[in-house]
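Novice: Sharing a structure with you now.
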Amino acid sequence: MPRFPTDIHPLGSEDASDSKTTMEHHQSLSRVNVGDERTTRIRVKNRRMMYLNRHPEYFSPSLELADPLLYDRCIRRFQSNVEREAEGRQKGYSGVLEADLMRSEAKLAALANPTSATITYKRGPNGEIYPEDPEDVPENKEEGMERWQREMTLRFLRGGDDDFDYKRIDESDEWDDKAQEEREEQEKWFAEEEPNWLLGDDEGSGNEKKVVAGETGVQDF
């Protein structure tokens with residue numbers, strides 16, 4: 001009768017163990033990478049937000065070209081003639097012409113593709129353009145400015161300004177909020193800190209029994 005070696009492990013047992021260990025290692029690395037990526041995204045957005053806070057001039061009239069229709073609805077509709085003339089002098093003749101041209105093109109694009117436009121327009125059966133929905137129009141100049149800056153801020157944080165050099169901000173710690181980071185580090189430390197219990201002798205007894213005498217660490221009052 002043939003004899004088989006007795007020191008052979010069941011087929012695939014070691015491979016399965018190694019495979020499980022490798023899988024767990026990869027999962028661990030994946031969690032670390034996801035966490036690092038999330039931290040990096042947050043840091044980048046914080047730096048971009050810090051830039052906007054330090055440079056409010058970013059929201060100059062030239063930003064109209066980023067979304068001519070939204071600018072028209074939120075800003076231009078509330079401008080007086082004097083304000084429009086002053087803005088025109090700031091832009092120059094070519095700037096005004098470019099803005100008007102882009103606004104007309106954007107309006108045609110919004111009519112052709114209403115689902116993909118920030119501002120939508122609807123045509124009637126005879127080709128006429130319906131009036132704007134009152135709910136889509138800011139009630140006053142302040143609300144219009146707030147909406148415009150909010151949309152442009154979100155666009156900037158997403159990296160949607162193709163003419164802006166984000167690299168000089170994203171890769172520089174000059175734009176980090178040091179005070180905020182210190183607060184977050186302190187909060188994290190206090191959240192992870194565990195109270196240390198101090199044990200003392202029970203003075204009322206003659207044995208070495210220990211009782212809780214106090215504690216150190218984070219306390220809630």
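Cβ from N, Cα, C; glycine included.
Note that the structure is predicted; figures quoted are calculated from it, not measured.
Heads up, here are the entries from TrEMBL:
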COMPBIAS  17-27  compositional bias 'Basic and acidic residues'
COMPBIAS  177-191  compositional bias 'Basic and acidic residues'
COMPBIAS  192-205  compositional bias 'Acidic residues'
DOMAIN    138-193  domain 'CCD97-like C-terminal'
REGION    1-35  region 'Disordered'
REGION    167-221  region 'Disordered'
Novice: Could you give the mean pLDDT over the domain 'CCD97-like C-terminal' (138-193), rounded to a whole number?
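Specialist: A mean pLDDT of 87 is what the predicted model shows over the domain 'CCD97-like C-terminal' (138-193).
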Novice: Could you break down the residues of the domain 'CCD97-like C-terminal' (138-193) into DSSP helix, strand and coil, giving a count for each?
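Specialist: Secondary-structure composition of the domain 'CCD97-like C-terminal' (138-193): 40 helix, 0 strand, 16 coil.
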